[in-house]
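One structure is given here, and the rest of the page talks about it.
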Amino acid sequence: MQLEELRFGTELLKRGFAKMQKGGVIMDVTTSEQAVIAEEAGAVAVMALQAVPADIRKMGGVARMADPMIIMEIIDSVSIPVMAKVRIGHFAEAQILEAIGVDMIDESEVLTPVDEFHVDKSKFKIPFVCGARNLGEALRRTKEGAAMIRTKGEAGTGDVREAVRHMRMIMGQIRSLKGMTDEELTKVAREIEADYELVLECRDMQRLPVVNFAAGGIATPADASLMMQMGADGVFVGSGIFKSQKPELMASAIVEAVNNYDNPEKLVEISTGLGDPMKGIDAGTLQEGEILQTRGW
Amino acid sequence: MVAFQGDVSEHVLAMERALGGGGSAVEVRRAGIVPRCNGIVLPGGESTTIAKHLARTGVGDEIRAAARSGVPLMATCAGLIVISQEIVEETRFLPLGLLDVRVVRNAFGSQSESFEANLQVEGFNSPYRAVFIRAPAIVGWDAEVDVLSRIEEIAVAVRGENVMGLAFHPELTGDLRFHEIFLDMI
């Protein structure tokens with residue numbers, strides 16, 4: 001066995017990494033103390049941030065990649081994978097995150113976009129996750145090299161309705177491909193501005209070609225169960241943990257809820273005595289300039 | 001198929017292909033099922049998460065009892081960590097101690113150090129393409145444990161009496177030779 005025969009950064013390794021996250025909860029954290037709480041609760045990974053989405057909303061201004069110092073401290077404090085966010089299209093931030101040694105990059109609408117083009121993710125050794133509201137968007141990101149898709153939802157609101165809408169849209173569009181002829185698929189691919197081969201794969205597999213997580217507004221065990229029942233492979237919880245009254249309890253409860261998503265009796269037990277979830281904002285009351293999900297295309 | 005977390009569906013598909021209709025794979029998320037199975041697979045995922053679910057549900061105790069009574073067990077990546085005898089410098093959880101090996105978690109580093117490699121495997125007449133994702137390394141083993149494959153001085157595939165431990169992911173490539181070894185153990 002010669003070490004020079006090793007191959008790094010292949011598509012199989014990137015998608016494989018994402019598959020290892022299935023059935024898990026990925027939690028937003030801003031300090032190493034929070035990262036340890038997330039790991040102890042059973043999170044499969046943490047997302048290292050300068051501020052959770054709910055605070056990014058409040059602060060306003062330009063939201064950028066986190067300070068490398070924060071990310072490195074979090075990497076040193078836990079054994080589970082660490083992810084971090086870059087602005088849509090900001091490939092230099094992505095290069096910096098890769099150099100720091102994060103395990104996955106989230107090209108995220110929560111930060112302020114810098115380009116109409118998304119990052120060419122195939123140029124990186126580490127995998128990316130990207131947000132999507134519909135099948136076309138999910139497949140455009142997959143074509144650019146994303147190894148994981150997540151619903152955009154409406155981050156930082158604690159209101160799961162937009163994540164539900166996006167998951168319903170993606171799954172419904174995949175179901176509608178069933179039984180279509182190749183000509184019909186070509187038409188769909190053109191209409192949704194997606195690669196034909198990827199549309200074909202969705203028709204045949206009846207799922208996205210990559211792992212598909214729910215994100216954006218998940219704040220309770222019931223929210224997590226709802227998203228899993230709708231077909232999510234796992235969930236991201238952003239502000240929902242550390243903006244709740246008892247983060248340790250909420251974190252464990254959401255991990256357990258993902259595992260028992262189809263067991264209402266067990267969910268009663270899991271949902272009991274958790275204190276107040278994050279207060280949140282009704283996503284329907286947001287003004288146009290406050291909506292994050294429309295960033296990117 | 002221990003199904004709390006990780007790439008469970010890939011394992012189920014690979015196993016059903018290897019079985020070719022001669023049996024079926026069932027997903028286990030609660031106690032009461034393992035004692036009725038005649039083989040157990042622990043897939044890859046995050047070992048801290050899987051260990052937590054095993055302890056909380058009692059499935060970990062069932063696996064320990066079954067493996068000690070001779071039921072064949074195949075554990076890959078995170079699964080290997082969970083069933084090992086000792087995890088170097090790990091205080092977050094205790095392994096089940098079903099395979100007498102000492103492992104290091106994330107031995108190769110972060111995801112950018114994850115790799116594919118062609119392995120020479122004892123008993124295989126051609127190289128085996130293996131996928132290592134934030135993989136563990138087996139750095140010590142009991143004399144009773146057979147090393148099937150290694151990368152330099154570390155072992156990456158080992159076999160005890162009824163337990164096989166793999167540091168890589170046999171479910172992510174189409175090559176089912178390790179699945180066949182496992183099925184022969186049943």
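Don't overthink the numbers, they just go from 1 along the chain as shown.
Any Cβ shown, glycine's included, is placed from N, Cα and C.
Annotated active site, schiff-base intermediate with D-ribose 5-phosphate per TrEMBL: A:LYS85, in sequence order. Non-local contacts of A:LYS85 (active site, schiff-base intermediate with D-ribose 5-phosphate) by the CB criterion (under 8 A, 6+ apart in sequence, same chain) comprise A:MET47, A:LEU49, A:MET65, A:ALA66, A:ILE105, A:ASP106, A:GLU107, A:SER108, A:VAL110, A:LEU111.
Per TrEMBL, D-ribose 5-phosphate binding site is recorded for A:ASP28, A:GLY156, A:GLY217, A:GLY238, A:SER239. Within the same chain, residues at least 6 positions away in sequence whose Cβ sits under 8 Å from that of A:GLY238 (D-ribose 5-phosphate binding site) are A:ASP28, A:MET47, A:VAL52, A:PRO53, A:ALA54, A:VAL110, A:ALA155, A:GLY156, A:ALA215, A:GLY216, A:ILE218.
Counting only same-chain residues at least 6 apart in sequence, those with a Cβ under 8 Å from the Cβ of A:ARG168 (D-glyceraldehyde 3-phosphate binding site) are A:MET230. According to TrEMBL, the feature D-glyceraldehyde 3-phosphate binding site maps to A:ARG168.
If you look up TrEMBL, you'll see A:12-215 marked as domain 'PdxS/SNZ N-terminal'.
Taking the mean position of the Cβ atoms of A:ASP28, A:GLY156, A:GLY217, A:GLY238, A:SER239 as the D-ribose 5-phosphate site, the remaining same-chain residues with a Cβ inside 8 Å of that point are A:VAL52, A:PRO53, A:ALA54, A:VAL110, A:ALA155, A:THR157, A:GLY158, A:GLY216, A:ILE218, A:VAL237, A:GLY240, A:LYS243, A:MET278. In this entry, A:ASP28, A:GLY156, A:GLY217, A:GLY238, A:SER239 make up the residues listed for D-ribose 5-phosphate, with the farthest two CA atoms of the set 12 Å from each other. For A:SER239 (D-ribose 5-phosphate binding site), the count of additional Cβ atoms within 10 Å of its Cβ stands at 25 [all protein chains shown].
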